[in-house]
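What Swiss-Prot says about this one:
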type: BINDING; residues: PHE60, ILE61, ILE62, THR63, HIS64, ARG131, THR331; note: substrate binding site
type: BINDING; residues: HIS316; note: heme binding site
Amino acid sequence: MACPYRSSAYTNGDHAQKGEVLGSEMGMLYGEYLMLNQIINSQRMQSVVSNRPVHDEHLFIITHQAYELWFKQIIYELDSIRDLFNTITVDESRTLDILKRLNRIVMILKLLVDHIPILETMTPLDFMDFRGYLSPASGFQSLQFRLLENKLGVKQEHRVKYNQKYQDVFGDDAKSLDMLTASEDEPSLCDLVQKWLERTPGLEESGFNFYQKFRSNVYELLDREEQKAKMQPLEHIRNYQLMDIKKRRDVYHTIFNEDAHEALVSRGERKFSYKAMQGAILITLYRDEPRFSQPHQLLNCLMDIDSFMTKWRYNHVMMVQRMIGSQQLGTGGSSGYQYLRSTLSDRYKVSLDLFNLSTFLIPRSNIPPLTEEMSNQLNTNTRTIKPTN
């Protein structure tokens, strides 16, 4: 008896199992679709060209080509995310798409961090065998990495200068210079996220007026703690507690006073606008509300991107120190290890303010309670966050 579930699809599968392979008349083949001939044959070992082949040069080329392909994918995802953000109102139904693509960037960066140990299977002596062929080539000349940084939100004024402007390494390459200029002039992901945060529901002074309530609760909390500290019988403990409370007042002053906030921005110690900081704090404190759940995850993704970028920079720095030490110049003329180490500073973190939000958190019992109107607003699946007046 014939199997009732047997279909033509299974019959065709039997032909394939017997060795009958579909021809190109059915469409593009695997290698054609992926253009593997161009990719697989794009490794040109300079040591081979010089008739002194060095085995590990092949690994070096493959790894860096893989980096560049992943950089291209990150830029592709970044551009699509920026397009979704770059509107007068952000369609909240697309937040899941933004989250998915941000998570994809995070996973790619995690993979890139794991590439470093593969390169480290090459010893410093192995690297020395072909390092001379690299000059004046340098990772500093990676156009895509510079575009990636610019599109994320690394500002030119925050970059570490090693001996020239970062654009200068591209010389007379007009196309590359135009792409760099465009990436600097266009709104970065950091810029667009700030605009989005500035429109967070609940910041309206004519509505919930979160920030005024938050300010009042913070100072009431500090006043109570100060009164309690003054009752401490032991002088050294009392003085320590009062000093700590004063420091906390000073820190909170920087988020409640716009001039104090702008002073930190001018020094590069804070990146977000005054209103964007308010939105980020609001989302963080009320992250359990349905409407703020995905925005809170989005903010976490931005921190994850910064974290993995920093981990990648750190692993890269340690690998460079291991390969060439801390005194030699890089192949492109940079200070090598010294320059790379300087890029680990907070000035390269585009979401620095999100990392520092925990400084301003208060106990749940002191978080301003939602009004009925605000509670309804945060439990409603609204499609767009409309800009406030």
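Placed from the backbone N, Cα and C atoms, the Cβ positions cover glycine too.
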Fewest C-beta neighbours within 10 angstroms among the binding-site residues HIS64, HIS316 belongs to HIS64
Within 10 angstroms of the C-beta of ILE62 (substrate binding site), the count of other C-beta atoms across all shown chains comes to 14
Rounded Cα distance in angstrom between ILE62 (substrate binding site) and the residue listed as 'heme binding site' is 16
HIS64 (substrate binding site) to the residue listed as 'heme binding site', Cα to Cα, whole Å, comes out at 12
Taking only the CA atoms, the spacing between HIS316 (heme binding site) and PHE60 (substrate binding site), expressed in whole angstrom, is 13
Out of PHE60, ARG131, the listed binding-site residues, fewest other Cβ atoms within 10 Å surround the Cβ of ARG131
Around the Cβ of THR63 (substrate binding site), other Cβ atoms found within 10 Å total 14
